[in-house]
Amino acid sequence: MKMKTTNVMDMFEEGKVLKICAPMVRYSKLAFRSLVRKFDCDICFTPMIVAPDFMRSVKARDSEFTTNEADRPLIVQFAASDAQTLADAACVVAPFSDGVDLNCGCPQRWAMSEGYGACLINKPELVKDMVRHVRNQVDNPNYTASIKIRIHKDLRRTVDLCQKAEAAGVSWITVHGRTAEERHQPVHFDAIKTIKDSLSVPVIANGDIKTLRDVETTHQLTGVDGVMAARGLLSNPAMFAGYNETPLECVWDWVDLATNQGTPFTCFHQHLIYMLERVTSQPERKVFNSLHSTAAVIDYLHNTYGSPDTQTVGLS
């Protein structure tokens, strides 16, 4: 089944700051993407998929990539170290998505040792080649090829990488405003602004977006075309709709979506742990975190917060 493609580039033309759900290993899967889309998320990314594994086995393709007709606009993120493998993977997912993104930002040791992720920011010629291969081989001219990067200590190297990618036809660039070595240090908004000012393609800012106000602040500081959130959305999937904490309606929406889509219990439970973390006390969390079945979780939610119909305001 071939699905209708959104032209993501047209969304940038509309002039609003796009709100994007980041690729998150284990977490930005179909059920969660369906949830954040209900709360003003404009574009969603799949979790990072390792392109050679994806191409090697049908089993990997079926387990790593699930979608449905409502799951759009959708960007599929790949880890790859070889241009043709990336282009092959892009051609496989192109009928069911709106673009592919090359991960050039994952700082984990296993990824770097395989030639994936953040080590690619030091290989601008390879990145250029990978972008060009996707551009040339996917036959839909509206299909996007983007990259998600971290920054160098010497920002001139990052600007050079981005300008090379732009010359190769990159659609847009997401910048996580930290170096590969930095974890919880403050985001370098000045660096994101410098990159934005040196390119003509859209730039997305990533890092420390926890509230809708952060979206606005980041836009004002950097002039970016969109913002991408990860942990902020995990703890509050309704963040982009302006809620400061997860509303009860969102919790029950998650229960419905996850049970309908057969989300495995550990994933179902973990998302709720994140969502309830800021709105529950330590003793409540201890009880909730120790529950072992979907039925027990649903009972707990009913008993603690009432049914979905009785109360659709915030949890507090």
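Quick reminder: no glycine exception, Cβ is built from N, Cα and C everywhere.
Curation does not apply to TrEMBL; its annotations are automatic.
Taken from TrEMBL as is:
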type	residues	note
ACT_SITE	Cys106	active site, proton donor
BINDING	Pro23, Met24, Val25, Gln77, His176, Ala230, Arg231	FMN binding site
DOMAIN	21-282	domain 'DUS-like FMN-binding'
Rounded inter-Cα distance in Å - Met24 (FMN binding site), Cys106 (active site, proton donor): 11
Densest Cβ neighbourhood among His176, Arg231 (binding-site residues), 10 Å radius: His176
Lowest local Cβ density (other Cβ within 10 Å) among recorded positions: Val25, Cys106: Val25
Cβ neighbours of Gln77 (FMN binding site) where a neighbour is any other Cβ within 10 Å: 25
C-beta crowding around Pro23 (FMN binding site), within 10 angstroms: 26
For Ala230 (FMN binding site), nearby residues of its own chain (Cβ under 8 Å, 6 or more apart in sequence): Cys21, Ala22, Met24, Asn206
Averaged pLDDT score, the domain 'DUS-like FMN-binding' (21-282): 97
All-chain count of other Cβ atoms within 10 Å of Met24 (FMN binding site): 19
Cys106 (active site, proton donor) and Val25 (FMN binding site), distance between Cα atoms, whole Å: 11
Integer Cα-Cα distance in angstrom, Gln77 (FMN binding site) to Cys106 (active site, proton donor): 11
Rounded distance in angstrom between the Cα atoms of His176 (FMN binding site) and the residue listed as 'active site, proton donor': 10
